[in-house]
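Per TrEMBL, the feature signal peptide maps to 1-15. Sequence annotations record features per position, and here TrEMBL assigns domain 'Peptidase A1' to 71-377. What TrEMBL lists as active site is ASP89, ASP270. According to TrEMBL, the disulfide bond annotation covers CYS102-CYS107, CYS261-CYS265.
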Amino acid sequence: MKWLVVLGLVAFSECIVKIPLRRVKTMRKTLSGKNMLNNFLKEDPYRLSQISFRGSNLTIHPLRNIRDIFYVGNITIGTPPQEFQVIFDTGSSDLWVPSIDCNSTSCATHVRFRHLQSSTFRPTNKTFRIIYGSGRMNGVIAYDTVRIGDLVSTDQPFGLSVEEYGFAHKRFDGILGLNYWNLSWSKAMPIFDKLKNEGAISEPVFAFYLSKDKREGSVVMFGGVDHRYYKGELKWVPLIQAVDWSVHVDRITMNREVIACSEGCAALVDTGSSNIQGPRRLIDNIQRIIGATPRGSKYYVSCSAVNILPSIIFTINGVNYPVPPRAYILKDSRGHCYTTFKEKRVRRSTESWVLGEVFLRLYFSVFDRGNDRIGLARAV
């Protein structure tokens, strides 16, 4: 029966729901001057129009581009719907947005959910906390109607933050986790699991196309795969375990030499991370190979090096996935070039990596919950 699943995945089904994404653009590149930035944050509306195409259930939500780091999409919660910008994150499992009761500095800069204005809101007394690499939140579990494009999940459990730390200058309101249920900090059923269990999507898959430049056009799609977003055939990679989106990497090479993962290692395919992350000593070695020098929290190289530096190649399930210097080197607001390799701060005895948006801008990715695998193909 597997061939039926494959046919269902590649078909451009009427049941596919696509949410276009746009890369988050550096605020400094868009607005210079503190006063102008402050005015923008106060006056620029969050609520964006929804675009629908006649004769199709394809729904497009325009997204914001800030900091060249995040890809965010719009969802709504409550009745009548309240709109939020969230990261669609394969590295976590919880959906949460700020509560109107949150008085943290981070919450003050974001849209907060007004539970008293929703007729379908159902509270609980259950509390939880989540720790991310860049921040943390404390919250409570509640239930309400959540919409992702045309997908509707009624009585969906989600988190309402009452305290946030580290998100004050991030231009997203919350996070929509797409990882496996067992990794949920709140132990609430993730929205994808609920939609899957209720038969709201035709196939238990979702996929990402992340654009390589600042224009709109990035999408996350649910229920199938639109083959127009990639070249060639999808190469399927089994998960190490059906507990998260981690795959086995055979080796990592540069200049035909193995520089990491010499005996095989694990890598999390993470749409919520902007970098390629690995153990400190191995990341330091990569920075040395490409001649990067530390300055503050980043490593910098000459911008002309983009034309001469080698690709870093991840060999996954026998297939080479090169990441060229034009992908792993970015420019900051002053026109200086920095690398996107970052230390992975996790205490583990085994070597593990994170393949974030630097990798995923190059490769269209399909997350297949029905067969516990990831499909990769060269993005168009």
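Here the Cβ of each residue, glycine as well, is placed from N, Cα and C on the backbone.
The average pLDDT the prediction assigns to the domain 'Peptidase A1' (71-377) is 93. Separation of the C-alpha atoms of CYS261 (disulfide bond) and ASP270 (active site): 18 Å, rounded to the nearest whole number. In the shown protein chains, 22 other C-beta atoms lie within 10 A of the C-beta of ASP89 (active site).
All protein chains shown were included, and the count of other CB atoms within 10 Å of the CB of CYS265 (disulfide bond) stands at 20. Rounded to a whole number, the distance between the Cα atoms of ASP270 (active site) and ASP89 (active site) is 7 Å. Note: the Cα of CYS265 (disulfide bond) and the Cα of CYS107 (disulfide bond) are spaced 38 Å from each other. In this structure, the C-alpha atom of CYS107 (disulfide bond) lies 25 angstrom from that of ASP270 (active site).
With respect to their backbone Cα atoms, CYS102 (disulfide bond) and ASP270 (active site) stand 28 Å from each other.
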